[in-house]
Amino acid sequence: NQVLEMFDHAYSNYMEHAYPADELMPLTCRGRVRGQEPSRGDVDDALGKFSLTLIDTLDTLVVLNKTKEFEEAVKKVIKDVNLDNDIVVSVFETNIRVLGGLLGGHSVAIMLKEKGEYMQWYNGELLHMAKELGYKLLPAFNTTSGLPYPRVNLKFGVRHPEARTGTETDTCTACAGTLILEFAALSRFTGTSIFEEYARKALDFIWEKRQRSSNLVGVTINIHTGDWVRKDSGVGAGIDSYYEYLLKAYVLLGDDSFLERFNTHYDAIMRYISQPPLLLDVHIHKPMLNARTWMDSLLAFFPGLQVLKGDIRPAIETHEMLYQVIKKHNFLPEAFTTDFRVHWAQHPLRPEFAESTYFLYKATGDPYYLEVGKTLIENLNKYARVPCGFAAMKDVRTGSHEDRMDSFFLAEMFKYLYLLFADKEDMIFDIEDYIFTTEAHLLPLWLSTTNQTISKKNTSTEYTELDDSNFDWTCPNTQILFPNDPMFAQSIREPLKNVVDKSCPRGISRAEESLGSGPKPPLRARDFMASNPEHLEILKKMGVSLIHLKDGRVQLVQHAVQAASSLDAEDGLRFMQEMIELSSQQQKEQQLPPRAVQIVSHPFFGRVVLTAGPAQFGMDLSKHKAGTRGFVATIKPYNGCSEITNPEAVKEKIALMQRGQCMFAEKARNIQKAGAIGGIVIDDNEGSSSDTAPLFQMAGDGKNTDDITIPMLFLFNKEGNIILDAIREYEAVEVLLSDKAKDRATIFKGKMIPNYIIDSNLEIENMDQKSSENDSHKPTSEEAPSESQDAGAVSEEPEGGGESSAVGDPDPSSPASTDSASVSMADPDPLAPGATEAPEPARAPGDSQPQEQSTQTEANAKAHWEREVQPMETILADWTEDIEAFEMMEKDEL
């Protein structure tokens, strides 16, 4: 009854204050509409303006015996929800929450209709919507590997010019491997086999790419090549539901190969990752080596999966450890260390622990798990309940709230808690006739024999021979496992009841923290501000020194011997590890390749191409092949941080401005308002160059940037000065902003090409030929291919704000030299999202200074812009190397 009352409180507040918005904001009592609230990054990819929470809650209403409310909700979904929105959403989240929600709603709707009392009018409308959504997700699978793009535009798909997605190269293993239940169910319900086929192909590809010696999979994978991008492996975030869906696909579809794959992976998990009661990530190539010193809260689902598998002992052990952490902090922190200290303090009301509690109670019948459920209910009411619903915890240590109530809270938490306490007479249908998806949506088991289009027998011999003697029971129950020993579960839990308290000698209570007594918790990487003197003092105490590099980056180096104490040195090492993890975690999926700024006016005519950093807002030049062409104009004020005072000079031109003093997006809005057709931001760090610095990606300002429609590019100081010098020399300078450099025929299509360019083509070819003959014997340092570099996504911030521009190698296996830990990092100011990493291609022409030619000395080359206009032959000689590199670049596509 208490669970029902809590559900009513959350559901009624969503319907009253938020519907038809996707989610409820329980602190401000309003709906969260994407684009109207500040962007939260990837989290917002779950929102698609399709009343997410209502769809996600449909089958929960029936489980909780609220059939009248369910009938009303289904009518609202059919009448109000539009799936054809021009919005980019996560394929993974949309599949498990929306497609799963529609299928779960359809499953219980036809069950109620069959019973004869409710839903007599229902004619498969939710299934029709599910099929429509399924077709909208299919464009994401347009890859050679069969792995889907992580995002798709509901209206335009992936490849369409207006899709604003399709540039991603990586996806998480769970993102690509958590489709088979929903897609197969959709195929079985509709008789349209294509959905199940696509989901199977993705699963098959991941299985083929597993690390063969360890039988583990990594966290993220390249969707085009199948290469592992992050090579750490665990059972938490990024991989979790891939394993879950292998076993559940066998349960739902009866295909032996899924069980055999799961058993192979499970054997590897128990061999390498399981360190009872802990589950620690390892490297897939070196599975005996731990990849991190902390665990994330999503692994709390794993004991429930172990119950489904039939391996009860480790499920009880891990669940008990997690329960001890909850008793200490009231909720499960998003991440916690191996000594059970808080690593990431937030808790978005995740249901995975409640899920495992339900499964363990079903398996053991031990009333202890009812007490666990009671604790969860009490903590939710005591710490998370607010007048307009339940609010996520921003920090479990302080009890502060976050203005969010995710849809999974209604979809899963109340479902599992209700089922934990419900007797058979409290249910209007038999829950054993259904399997739970990872979002706890219900799919009927009879689908296994419906519309079968694929053989379910495995003929492959590639599976490892396993000792399955400890897996005798699948879907265990109390009648089989515990008829003679009701104390079995307690005997396993007993040694673990103090495991957390024993490991937390430095823990402090919330009361002590609020009173200011006792030691302060150690500084976390996510909270660090390079401009905060207190933080710098803490770093010094931990033996960490901060170095400002010439190119604007900040480098951290730790020397343990310089720490104030051994405990401070330990905190320093953990801080460095966190910083490396953070730089890796904060990777933006939207990694963009470099762009090109090509000077097309006299006397360059397209020969000078400058490597430019892209922006994660504004026009996507990869979707507009013609690019943006126009004369450049310097704006006033030069920083572009206030209204442009010379709009007449900027209108219909490409604006030049200096980096610094405000956000990139603010500059873009100001020049767009002044009538500019594009913008180039020039770095204010004197001497910076794409030769030596990682490529920039200009990030947004945390707000919706859809209003910015012009292209924006970033040039380092050296490349920017080439344009500025050209303006001083020639006044009218025209450039082309594009995704890659264009050949002259394209640039001058329909225009007069000066005769001396045509006449000199033969001369250029001869010079190129001689140059390449010489270069083949003795390549210069500038012609040698550059090593791949990390690309940073950086938002501008006021000067003096500790601005940083790049992240060093985030691979935990190589954070340091032999005697110190070192990492270059982006200032994790919330206004300046952390840097991303992406390979930088070989240097584009224009990045390197022209080499000395027989007709011109190096000194003359350096003084080129100070002299008067040169004869065309001299200019051609000046840029011979750039022409050569330009031709090479055309082949390599930047």
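The first residue you see is number 1, and the count goes up from there.
Backbone N, Cα and C atoms are what each Cβ position is placed from, and that goes for glycine too.
Noted in TrEMBL for the protein shown:
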{"type": "ACT_SITE", "residues": "GLU93", "note": "active site, proton donor"}
{"type": "ACT_SITE", "residues": "ASP240", "note": "active site"}
{"type": "ACT_SITE", "residues": "GLU334", "note": "active site, proton donor"}
{"type": "ACT_SITE", "residues": "GLU352", "note": "active site"}
{"type": "BINDING", "residues": "THR438", "note": "Ca(2+) binding site"}
{"type": "COMPBIAS", "residues": "768-781", "note": "compositional bias 'Basic and acidic residues'"}
{"type": "COMPBIAS", "residues": "804-824", "note": "compositional bias 'Low complexity'"}
{"type": "REGION", "residues": "768-869", "note": "region 'Disordered'"}
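Feature map: annotations from TrEMBL on the structure.
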{"residue": "GLU93", "record": "active site, proton donor", "Cβ neighbours (10 Å)": "24"}
{"residue": "ASP240", "record": "active site", "Cβ neighbours (10 Å)": "25"}
{"residue": "GLU334", "record": "active site, proton donor", "Cβ neighbours (10 Å)": "20"}
{"residue": "GLU352", "record": "active site", "Cβ neighbours (10 Å)": "24"}
{"residue": "THR438", "record": "Ca(2+) binding site", "Cβ neighbours (10 Å)": "25"}
Consider the recorded positions ASP240, GLU334, GLU352, THR438 and say which one has the Cα lying nearest the Cα of GLU93 (active site, proton donor).
THR438
Do me a favour and check the Cα-Cα span between GLU334 (active site, proton donor) and ASP240 (active site); whole Å is fine.
14
Alpha-carbon distance [the residue listed as 'Ca(2+) binding site'; ASP240 (active site)] in Å:
10
